[in-house]
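So that you can see what the record holds, here are the features copied from Swiss-Prot:
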ACT_SITE  H50  active site
Amino acid sequence: MNVMNITDIKKYIPHRYPFLLIDRVIKIEKDKSLVAIKNVTVNEPFFTGHFPVRPVMPGVLIIESLAQAAGILIVKSLNLPEGHKDIYFFAGVDNARFKRVVEPGDQLTLEVKVLKVHRGLWKFEGKATVDDQLACKAELMTIKG
């Protein structure tokens, strides 16, 4: 499957509003990579306090968006069924860098690539862009909880 809409996404990861931070998956290569979209709207609950004068998406939520994309890639790579109960947790975040702010109206393109899988620990390279401009990059590690 190369495309997943929000209904499909909810069948494979446990996140729900206000912490479901992926709107669509546009490309999946099992065991390799995934590309997803997050449409950032002014109605996001975090904009109320971050920041009222100039709304900016918190960097930790950009990282979380990448982690959710990685979670979908894991589930699809392992051929887990819809409604599975497995949950993958952060094991680490390395080399996180933020290069541009993400504001209401932006569309985040989230790309994750598998770097390594060892003993159930998955390591990914993640990149979030807006209009082909790098917003965030990081290495993410996850493990089944």
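Each residue, glycine too, has its Cβ placed from N, Cα and C.
According to DSSP, H50 (active site) is assigned to coil rather than to any helix or strand. Within its own chain, H50 (active site) has V56, M57, P58 as residues 6 or more apart in sequence whose C-beta sits under 8 angstroms from its own.
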